[in-house]
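Got a structure for you, written out below as structure tokens; questions coming shortly.
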């Protein structure tokens, strides 16, 4: 995700070109999340020409200096005022600090407490790791490159910078997709076996392998070029800017549109089932507790997905618009638009821990324990128990043995035996309604079909809350 989005002016030592130079803007590498400058930069840097447009990484116009000006006399002057740099630095610094710390705490809460080790939470660990890595290894480095248009971090990190962000975003969004599919299966067809810990790890490993394959071209074609006075990091595509544009569109489809479509469908079906399928007349505490817990988890994950979609949408729109309408790249505020859209995209890495803390009592208890050293944070005994106690409910089959004999069978006398000794009677036990689970219902038979999504054998409430 190396970029070159800084507003800068090519100025020759004597000032002849400066008056006619064009600001190089954020859009020169709007692929901050997917790659940076390539063929166009080589054209810009290796050939002399009048102040004219050459295609950049995304097919955007960049300014070439006049032929009379030697490269040695060209300087890269950053034109943003210091107060604006300070504000952007503070904004990006907050994202990095909150994202790294918050996601590391989420990982600790899940892995350090046995009660939290559920299928959904294993995917949340993968999501937290992806977000923390993105914030730690990409956000600040990319921001520095965007501000100064100079690569300070070497050729190897240039490859990593162009390669890893796509990998991390892919892992994040498909971890959310895996959670959506798992919630769908658990609620719509609860009698099917759930993913085991081993199967969950295989799914997570497969997500990362696919992410590496998608991002590999960015690593393969990454290059650095040392120019007089500065170094650039870019992706040089063999077939030029059009190939990069095609690749970026493919990335948008695979890491944004397609997974959001899948999650939209699954959560819509799950939402209709949970909020529209309550059984009339059911007063069982177990039923209502599981229903409430499932609703909370689904609501939390819907908010997580919507946050991701909203944060990344302006960035993708920015790239598409600046690629199609190239004159936008000469707008004097385009760098600020880029920095704002990139900040919003990167800020998606810091919201999830906040959402978990606000909407899930066990994560909230975990965050309290993590910050118990703060004088204004009080950890109650209830918070301690939240991360230690596991509550299991019996399944429908086991609950039938807890009711009385009178409730579980009906004795029927055979009239053909009336002439025999009165003490000799044949008893036939009529099986009880298998939908009965100890809850009082007005019509258990009519409710049995609807209740299948609520209870599965030996289900822990921890799976849903």
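Each position is counted from 1, following the chain as shown.
Each residue, glycine too, has its Cβ placed from N, Cα and C.
Keep in mind the model is a prediction, meaning the values are calculated, not measured.
Copied straight from Swiss-Prot:
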| type | residues | note |
| --- | --- | --- |
| COMPBIAS | 445-465 | compositional bias 'Low complexity' |
| DISULFID | 158-233 | disulfide bond |
| CARBOHYD | 23 | N-linked glycosylation site |
| CARBOHYD | 50 | N-linked glycosylation site |
| CARBOHYD | 73 | N-linked glycosylation site |
| LIPID | 374 | S-palmitoyl cysteine |
| REGION | 415-465 | region 'Disordered' |
| TOPO_DOM | 1-84 | topological domain 'Extracellular' |
| TOPO_DOM | 108-117 | topological domain 'Cytoplasmic' |
| TOPO_DOM | 140-159 | topological domain 'Extracellular' |
| TOPO_DOM | 182-201 | topological domain 'Cytoplasmic' |
| TOPO_DOM | 223-245 | topological domain 'Extracellular' |
| TOPO_DOM | 271-299 | topological domain 'Cytoplasmic' |
| TOPO_DOM | 322-334 | topological domain 'Extracellular' |
| TOPO_DOM | 360-465 | topological domain 'Cytoplasmic' |
| TRANSMEM | 85-107 | transmembrane segment |
| TRANSMEM | 118-139 | transmembrane segment |
| TRANSMEM | 160-181 | transmembrane segment |
| TRANSMEM | 202-222 | transmembrane segment |
| TRANSMEM | 246-270 | transmembrane segment |
| TRANSMEM | 300-321 | transmembrane segment |
| TRANSMEM | 335-359 | transmembrane segment |
Out of 85-107, 118-139, 335-359, which stretch has the largest tally of CB pairs under 8 angstroms to the transmembrane segment (300-321)?
335-359
Between 0 and 100, where does the mean pLDDT of the topological domain 'Extracellular' (322-334) sit?
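Computed over the topological domain 'Extracellular' (322-334), the mean pLDDT is 84 on the 0 to 100 scale.
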Would you kindly check 202-222, 246-270, 335-359 and say which stretch has the most C-beta pairs under 8 angstroms to the transmembrane segment (85-107)?
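The stretch I would name here is 335-359.
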With H, G and I counted as helix, E and B as strand and the rest as coil, say where DSSP puts residue 158 (disulfide bond).
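Its secondary structure by DSSP: helix.
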Using Cα coordinates, what distance in whole Å links residue 158 (disulfide bond) and the residue listed as 'S-palmitoyl cysteine'?
40
Under a three-state reading of DSSP, tell me whether the residue listed as 'S-palmitoyl cysteine' is helix, strand or coil.
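Its secondary structure by DSSP: coil.
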Summarise the topological domain 'Cytoplasmic' (108-117) as counts of helix, strand and coil residues per DSSP.
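Summed over the topological domain 'Cytoplasmic' (108-117), the classes give 8 helix, 0 strand, 2 coil.
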Mind checking which of 233, 374 has the fewest other CB atoms within 10 A of its CB? They're the recorded positions.
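Result for the recorded positions 233, 374: minimum number of other Cβ atoms within 10 Å at 374.
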